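Over in Swiss-Prot, the protein carries these features:
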DOMAIN    131-308  domain 'Urease'
BINDING   His136, His138, Lys219  Ni(2+) 2 binding site
MOD_RES   Lys219  N6-carboxylysine
BINDING   Lys219, His248, His274  Ni(2+) 1 binding site
Amino acid sequence: MIKISRKEYVSMYGPTTGDKVRLGDTELIAEIEKDYTVYGEEIKFGGGKTIRDGMSQSVSPDVNELDAVITNAMIIDYTGIYKADIGIKDGKIAGIGKAGNRDTQDGVGMDLVVGASTEAIAGEGLIVTAGGIDTHIHFISPTQIPTALYSGVTTMIGGGTGPAAGTFATTISPGEWNIKQMIRAAEEYTMNLGFFGKGNTSNVKALEDQIKAGALGFKVHEDCGSTPAVINHSLDIAEKYDVQVAIHTDTLNEGGAVEDTLAAIGGRTIHTFHTEGAGGGHAPDIIKAAGEANILPASTNPTIPFTK
C-alpha cells in the first residue's frame with residue numbers, strides 16, 4: 001500500500017485524529033478527538049481527486065443524494081472536536097460523518113451519499129462551528145453585516161436606527177415606527193437580526209407597543225436612566241410577553257447603587273452588559289451580578305479574553 005507522510009496528509013485532507021490546531025492568535029489549542037473518514041477512502045473535489053462518476057460520486061439512480069457536501073472539515077461544537085464530512089439537503093444539515101459512494105466506499109452513511117446533483121465545498125484546513133450569536137450590536141451601518149458573516153456570526157442582536165447619537169450609545173431601536181423600519185430594512189440581508197426596544201419607560205403601553213411592533217425584548221440603558229422603576233416595568237412586560245431584557249447599569253449611581261438594581265430585578269432573568277465593569281455600569285461593583293443565578297453576565301470589547 002502506498003503511504004504518504006502526515007505532513008502531506010494534512011496538506012491534502014486537513015488535520016486528523018490527534019492533530020492539534022491553534023485557534024487564531026489565541027493561546028487556545030484544539031485537538032481532534034476523532035476522524036470519521038476511512039483512510040484511503042477520503043473524498044475530495046478537484047483535478048485528479050475522487051469526486052467523480054463511479055468513484056466517490058454514486059451512479060445509483062435511487063439514492064437520496066445530497067445537495068451539497070462539505071468535505072474533510074474540522075468541527076467544533078458542544079459534542080466535541082472531530083473531523084468529518086457534512087452533508088446538506090434541502091438547506092439543512094442531513095448528516096455528519098463519512099460521505100461518498102456507498103457502492104464503492106466503506107463507511108459511507110445512508111444520508112451522506114454524494115451524487116451527480118451534489119455541490120462540493122472544500123472544508124480541508126477549515127474549522128466549522130455553529131453560527132456565532134453576537135448579543136450586543138449597535139446597528140450603525142449595514143456594512144457591519146458582511147463583516148460579521150466573514151467572522152462566522154449568523155445572528156446579531158442589538159438596537160439602533162443607523163448613525164444616530166442614540167445608536168452609538170445605547171443599542172436601542174426606540175418606539176414602534178423605528179422598530180418596524182429596522183425590520184423592513186433587515187429583510188434583504190442573509191443574517192438573523194433581532195432588535196431591542198426601549199425599556200427606559202414606566203409607560204406600559206409604550207413597552208407593549210414595541211413588542212407588538214416586532215422587538216425581541218427591551219434594552220435598559222443608563223444614558224436614558226437605568227432607574228429601579230424602569231427596570232421593574234420592563235421586566236414585568238417582558239414576563240408577560242415572554243421576551244428578554246438587557247441592561248447597562250448606572251455608572252453614576254444616580255438612580256441607585258448595585259444593591260438597588262438587584263432589588264429591582266427581583267430574581268427575574270436579565271442579561272447584564274459590561275458585567276466586568278470596564279464598559280460602564282456600577283463599575284466595579286456590577287461584577288457582583290455575576291454571582292446571581294438569575295443573571296446572564298456579559299462582557300464586550302473593553303475586556304477581550306484569551307488574547308495576549
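Just so it is clear, glycine is given a Cβ too, placed from its N, Cα and C backbone atoms.
In this structure the C-alpha atoms belonging to His274 (Ni(2+) 1 binding site) and His138 (Ni(2+) 2 binding site) are separated by 14 Å. In sequence order, Ile157, Gly158, Thr171, Ala246, Phe273, Ala298, Thr300 constitute the residues six or more apart from His136 (Ni(2+) 2 binding site) in its chain with CB-CB distances below 8 Å. Across the domain 'Urease' (131-308), the model assigns an average pLDDT of 93. Cβ neighbour counts within 10 Å, taken over all protein chains shown, single out Lys219 as the most crowded of the binding-site residues Lys219, His248. Around the Cβ of His138 (Ni(2+) 2 binding site), the same chain contributes Gly158, Gly159, Gly160, Thr167, Phe168, Thr170, Thr171, each under 8 angstroms and 6 or more positions distant in sequence. In this view, His274 (Ni(2+) 1 binding site) is surrounded by 25 other Cβ atoms within 10 Å of its Cβ, with every protein chain counted. The Ni(2+) 1 site is defined by Lys219, His248, His274, and by the 8 Å test on Cβ atoms against their centroid, the other residues of the chain that qualify are His136, Thr170, Thr171, Val220, His221, Glu222, Ala246, Ile247, Thr249, Thr272, Phe273, Gly279, Gly280, Gly281.
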